Each structure stands twice: as structure tokens, then as C-alpha cells.
Amino acid sequence: MSNNTTLPSKSATDICLTDRQMSLSVNSAEGVLIGTIIPVLVLFGISGNILNLTVLLAPNLRTRSNQLLACLAVADIVSLIVILPHSMAHYEMFETALWFRKFYGKYKFQIIGISNWSIATATWLVFVICLERLIIIKYPLSVRKQAKFFTPRNVVSIIVVTTFILTSYNHVSHACAEKLFCNGTQYHVACIEINSERWFRNEPNPNSELMKSLVRYAPQVNAIFVVLIPVILVIIFNVMLILTLRQRQKLFEPSKTIRGDSQYGSQAKTEHKVTITVTAIVTCFTITQSPSAFVTFLSFYIQKDWFTLSAICTILVVLGKALNFVLFCLSSASFRQRLMMQTKQGILRKSTRTVSMVTSSTVIVDNIPESRKRSRNAMEMIERRTSASSALVGGNRADRTHRANSSQSMIGERMPLKEFRRGTSFV
């Protein structure tokens, strides 16, 4: 971690810094590019990569290529998340907030280290994915021999550990001094490199020569093995993959058929479709990542103001990570079908859960007044019998006798009503 020290100067606490001194943006161009465009791309990229994971990690789609692409999506999500604090620092509401300035000032280089680590992991994953597709297309039998050791778990673990070692110098590359100004309302941090000749208050550099050499040469090693070499390899293997696809495209023309059984032909078509999707992703990565790689490499040897150009390259990198979902949708019909199927299943499960809850509540409500319904039906039956007996008044003697019998029967029928009123229910 970077060293944070506090300068205990009482005379400086009453001094208030200007807006330009408190600004976290290098210039206005960087504030517009990083603060305005990046958040939109980050939100779109995180949402798209999450949708990619829902399809790639489906139980029936966990192939070797899909697992590597899922790991790439996770690395892209981490990269997009950790770049958000840099974008937030260009907004006035965060720039003037004391809690954000303390957080950003203390952990800025740790955030940069995590960002470089995730980007380096994604870069090497793209190279492995491109190489894996090229081997499957050109040498399909050799994949079975190497499948035992070169599993996605082993490959990803090696890449994650190696890239962490190569980018870990970011956590110790700077020493920072923090101080409160304007009666404790303004928080300011000043950082210098560990290998700097001048130290705070013009004191001699207290760091060892080993630490100075590590911080001096580690960025160059990182630029070569994390930025330059993988990008060049990705460009070369991507060109080879495109040429191989053009040669194999003739096998899938309607006028020609694939020699061999139908099972081999369907498998070859599936591998061909997957390779098209991978080629689209790798090509997009090459276009959006290459400028940043070369600018990073040249900045070590050419002393120049690279802030605006670096901001443009950062936007290209974030754009490449955000476009993966679009490339999946445009280049893979099976991905679109699977995504629509999962969306419909999710909506159906949600609607089914809602209907079941409504149905269960309706059943409960209907079952509660069942005794009341039976009581109401019995009372209506008694009223009908009473009206029928009163209509017989004025008839002959036989009718009077019948009325008497019916009235007696009604007396017997009215007894349950009195019992019901006392609290006894009908059986």
C-alpha cells in the first residue's frame, strides 16, 4: 500500500485552497471525457456482461470456450467497477465531499493497481481464447491430449496469479502526504514516486535502493509483458483465425457438403459459429486496446503530456469491454435464442409465482365463509317454504288440513334457525 503521512503544520490549516488546487482533474478535456462518457459506458458494460454470464454459465452450455468467455466477462466487470471512482472524481459533488476525497486520496493507487490487474487478466484471457479457437479449428485432435492439464481452471489461475505479480508494484509505487486546509474543511493529498530524488520537505529519500529499483523498472516490465506482448500476439493470432475462417467458409456453402458423418458435420458447424463469435470479440479488443497499449509503452521513453491522449485511450478500452454483449448478440444466433428463452422463462416463473399467490389467497378467502354460505342457503329454503304455505290460505278444508300439517312441519323446520341463532351450526 502507498504510504500516507500527515504534515503537522499548524500555520497551513487556516489557508484555503482555490478551486483549481482542489480539482482532481488534470485538465478540462479529461474532466469531460472521463466524467461524462465513462459512466454511461460503465453502466452499459456491467449490465451487458451480467447478461453474458447468465447465458454462458447455463448448466447445458458450460463448454471450455464458454467458461473462458465467462471469466473474461468477470474480469471486464471488475475493470468497469474499479474505474468508477476515477470518473466520480470529476464531479463537483464528489470532488468537494470530504469523505470521498479521503477515500480517493488514500486508495487511489490501490484502485489503479486493481484496475491494471483486471485489465491485464482480460488481455491474456483474450489471447488464450483466440489461441484455443485457432487450435480447435486447425488441430481438433490435439485438444483432447491437452485437455487434462490445460483446463479453464488451471489456465485462469495461472493468468490471475502471474498478472497480479506483474502489476503489484502499483500498490507501493507512491508515497502520499495528506493535510487539512481551511480549518479542516479542505482535504488535500500530495503523492510522489518512491524512487523520487526529492522527498517531502526536501528531506532525503528514506526508501532502500531495492525498493527504488523495483518501482523504477517494474512499470517497464509490466508494459512489455502485460501490454505490448499480449496485444501483439492477439493481433497475430486473430489474423490467423480470420484467414482460417475464410478457408473453412467454403465448406459450409450450400453447394458443398462436409465429408464424413452427419455428427461430425454438425459439430464442425457449431465450432465454426463459436469461432465467428470469438473472432468478433478478439477483433474488437484489438481495435480498442491497441492504442492504449502503445501509448502506455511510449510514455516511458518519451517525456510528453499524455493526459488527453490517455483519456481517449481509456474511453476506447471501456468501450471495448462494453461492446462484448452487442457482439454476442450480433454474431451468435444461438446466444440470442438462449437469452430470449431465459428471459421468457424468468417472466413466466415470476407470473406463475404471482398467480399461485393470488390463487392461494383466493382459496383461503373462499374457505373461510363456507359455514356462512350453508347457513344462508338454509335460511333461504325456510323462507321459500313459508311463502309457499301462506299462498295456500283461502283454500278448501283439505287445503286447511294440509296447511295445518305444513305449518306443523314448518314449526319443526324453524327450530334449527333458533338453534343457529344460539350458536349451533347446521349439519
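Glycine residues also receive a Cβ, built from the backbone N, Cα and C atoms like all the rest.
Pulled from TrEMBL, these are the features on record:
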TRANSMEM  32-56  transmembrane segment
DOMAIN    48-328  domain 'G-protein coupled receptors family 1 profile'
TRANSMEM  68-89  transmembrane segment
TRANSMEM  109-131  transmembrane segment
TRANSMEM  152-169  transmembrane segment
TRANSMEM  223-245  transmembrane segment
TRANSMEM  274-300  transmembrane segment
TRANSMEM  306-330  transmembrane segment
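Among the recorded stretches 32-56, 68-89, 152-169, 223-245, the one sharing the largest number of Cβ pairs closer than 8 Å with the transmembrane segment (274-300) is 223-245. Scored on C-beta pairs under 8 angstroms, the neighbour of the transmembrane segment (109-131) with the top count among 32-56, 68-89, 152-169, 223-245 is 68-89. Counting residues 6+ beyond its ends, the transmembrane segment (152-169) has Cβ neighbours under 8 Å at 64, 67-68, 71, 113, 116-117, 120-121, 124-125, 128, 214-215, 218-219, 221-222, 225-226 in the same chain. Below 8 angstroms of C-beta separation, residues 25, 62, 66-67, 69-70, 73-74, 76-77, 80-81, 83-84, 86-87, 89-91, 308, 311-312, 314-315, 318-319, 321-322, 324-326, 328, 335, 338-339, 342 of the same chain, each at least six residues beyond the ends of the transmembrane segment (32-56), sit close to that stretch.
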